[in-house]
């Protein structure tokens, strides 16, 4: 919210900064592509996807304080929706039903539809769990995520809807203004390869989602979410319709996930249930918490770190280990780099939380809460925790 | 009918193991209101250490009877998981006792991932087979029907009942149990009454981990294998069981565990015929969650849980 | 936090990225004659020879890392032999270089790896190992026009996508499932069959094909049950199978589940034999199942090792070079690499667009037997061999299907006596 206050204060400075950032973001894939190879452009694409996911989960977890461990289900819903509508998989099923027209819809329909469908799944998950306390909610959302994945994995019988564990192949790339993103685009004598086009599309949607997030945060609804997060009973007493506001949080968060899923599906051209396991939910949650819950720049940072660091490790650790083996410096049973990577991930989660429970780049409010400036505030905070302890049970 | 009785037996065996693990979750939750997500991994470590210790014992003293070797291996594994449980609480949870509730949950996930990877470093990724110390574990026929049950399965049920009864008596009758109950009711007042809260919390983790080690060892013996991945799913199911019974309630954890075991077993066996082939045993893992959601919708604090006010 | 400050940070990140870029481009200049076998992205010009890169992808980490390394070794052996022998293509001496990448067995990582190969301008790719990684990667190779030969992906969907660049040198699940179905009905005389699968792309695909084949031969499928690839408790589904009294229980899945499953069948007193595919035709299965492994059946695509025309020779070379045993697919990656180069020779070009048509119509006689592709890119007449556990070891029972079998079976006279009477199936 501070960003808009200060923008008023130094409008020109902000505009210059904004322009610089825009240029930087436009040039980013070119720099990455030329410098590090197209692989890193692909990594950029994935970073954008995860930023969208993390921002969506941030609404549920960061703003409204509802712990959701099954968030990836909405990503899956979006991905499958796009895949089913844009691949030949449903053709035999729809033949002769007069419904063939639903296949291959325009992107302007699919993306809002994905947001809508994922959002309704969010409400579906939200409504029975409204009364649940934090930890019960965590386990129920986790269960919901697993249920969705198990259904995707098994709905190839009796009607072959999802093609089961084999996944859906031959998913068409997104078509924008009559141009398929799967083909290079010729513009002003420049050839823009598909990966770059995806980047710009993802960037645009990420920007949109960032914008929506900022506006939501500053809105009446955003403040209601924070109120619920801090004290649901008090929020209720202040006249907030906690049920509707919570459901809205689930729906908004889920719809971002649905959009990201759509894009993932079209970028990959192949999806299968194994991409939507519990570990993915945990990784997205880690992005939110690591970066700084409820703080948009923090969440973006968290997502970028968790996408880039493992890939950078691939560039460093694997060649190093291969070189060492080739030169016979180490031999026999080597330490599995995947294990090292995951071990570092696990340890990082523990130590970041211990040292900076508020995340790497927290919002001012959260930092103040956890690192009180004066003893007086510290005492207040302590009292309120003690109150909470007393009220519990 | 025989098939049905067999399914009940299967469910009881599975449920006893869920119950033992669920106790670990529910004890910690009762006192700290914290989901100890890493408990499943403690069970896994218990299983792996038992296998290693059994191999060690049988290589040092070959020819010992199987039950003796198993007991020796288990007695070596229990202290290790106790230390592990104690350290998890000290390192990952105690510094965060006053932090927002989400924070210790994330460290718990971190501990869980770390333990799994450490287990892979030590034991590798492929499953370890349980040494054949019991000879041929020939099935018995139950009630002269075509219903089989093996010695290990009988051991699981009996041991689980004994341990659960022991724990309940301890919590109800001993001084330590009273201190635990007091801490769970109100830590501050318990502290004022002379209870050392930190010790009690550590003891809770140590006890839960010991039960977890037993469950892990029995699991490894029953399925004759264990690997670094088993902790996650069984931990999740046991946690579901604890929530089902009413988390924080010991009897509830036992009830929830047994109920979940029976639901899964009978559900997987009969869902196909019941739904005319529309659903099948591939939805076995869904039952746990579906039942959980249903129970929580109608009884938000579980089967035996008391109604509690929403905590801000 | 103002927008101005965001953008400052963003530009700092950019500057960093740019620095990273400079370093990266400088690196090859510092050692232009990089003789390292892998990892270098820029084509190195090694003294007048043309350097041709061949990509290889498999999970080199994770729970099937041993299989991935085995595949890599097979390809490496082929590359080293070709380089030692010296190959001339297009009037130029060619030096081959193997770029090996780890796809972690994960579909998303596989596409990243595929992109790395395209960036590195490889002439062709041998891989990936799993079906789940091979299928999404195939699209990227197809878009870039790079031929891909999988040594071990058996899911039929891989070649069904219609990509001209996709090939495989192993029989797919349709062939394996059919061979197993025939075997169950013809050899084991099964009339009632129960089927379990682990709901993975592999297990489900194989089980479906088996079901079709067994039904086609007139067997009755009395139960179809399911589990997952993390499960260890099968009592519930086995109990309901027991009630249906099958002659054979078929399991589509891996050894980590099949082992305990065999044990639990014994516990429940199910007398039916367990039958399955290459997922549990392994030493691991025997270890996990213990006594219960005895008498169970599992298949492996391809000829039995002692019937592969060049296996003995290959085995010696492999052991000498890597000082370890062959796991499963190394002979197939070796053949895949060799026949890719053979196609280059025939086309007299290492350009993927030029040699691709030659690859499609190649007829090659490799270590694993003769290789020829059909119009989809599947190997023609893939053979499947069924094994049984006898005395704690896998013994060859029968080789089923495939045009390749009789030709290759001829030189292998010294086969076990008990296997002989089962040979009539061919």
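Glycine is no exception: its Cβ is also placed from the backbone N, Cα and C atoms.
Sequence-distant contacts of the transmembrane segment (B:12-35) (same chain, six or more residues past either end, CB-CB distance under 8 Å): 42-43, 93, 97, 101, 104-105, 108, 153, 156-157, 160-161, 163-164, 167, 180, 183-184, 187, 200-201, 204-205, 207-209, 211-212, 214-215, 218-219, 222, 234-235, 237-239, 241-242, 245, 247-250, 252-254, 256-262, 264-265, 311. Residues or ranges marked as transmembrane segment by TrEMBL: B:12-35 (among others).
What TrEMBL lists as transmembrane segment is B:42-61 (among others).
What TrEMBL lists as transmembrane segment is B:67-93 (among others).
Feature annotation from TrEMBL assigns transmembrane segment to B:105-124 (among others).
Panel annotation: around the transmembrane segment (B:152-171), residues 9, 12-13, 16-17, 19-20, 23, 134, 137, 140, 177, 180-181, 207, 211, 214, 218, 221-222, 250-251, 254 of the same chain, lying at least six beyond its termini, place a Cβ under 8 Å from a Cβ of the stretch. The transmembrane segment feature in TrEMBL is assigned to B:152-171 (among others).
Positions annotated as transmembrane segment by TrEMBL: B:200-222 (among others).
Tertiary neighbourhood of the transmembrane segment (B:228-247): same-chain residues 15, 17-19, 21-26, 29-30, 35, 37, 39-45, 47-48, 112, 115-117, 119-120, 123, 125, 219, 253-257, 259-260, 288-289, 291-292, 295-296, 301-306, selected by CB-CB distance under 8 Å and a gap of 6+ residues from either end. If you look up TrEMBL, you'll see B:228-247 (among others) marked as transmembrane segment.
The transmembrane segment feature in TrEMBL is assigned to B:254-274 (among others). Sequence-distant contacts of the transmembrane segment (B:254-274) (same chain, six or more residues past either end, CB-CB distance under 8 Å): 3-4, 7-8, 10-23, 164, 237-238, 240-246, 280-281, 283-284, 287-288, 291, 302-304.
Within the chain carrying the transmembrane segment (B:286-305), a Cβ under 8 angstroms from the stretch's Cβ atoms is held by residues 237, 240, 243-249, 251-252, 255-256, 259-260, 263-264, 267-268, all 6 or more beyond its ends. According to TrEMBL, the transmembrane segment annotation covers B:286-305 (among others).
Beyond the transmembrane segment (B:105-124), the same-chain residues lying 6 or more positions past its ends with a Cβ under 8 Å from any Cβ of the stretch are 34-38, 40-42, 44-45, 48, 52, 84, 88, 92-93, 96, 227-229, 231-232, 235.
If one looks beyond the transmembrane segment (B:42-61) by at least 6 residues along the same chain, the residues whose Cβ comes under 8 Å of a Cβ in the stretch are 21, 24, 69-70, 72-74, 76-78, 80-81, 84-85, 88, 115-116, 119, 122-123, 128, 130-131, 133, 208-209, 212-217, 219-220, 226, 228-232, 234-235, 238.
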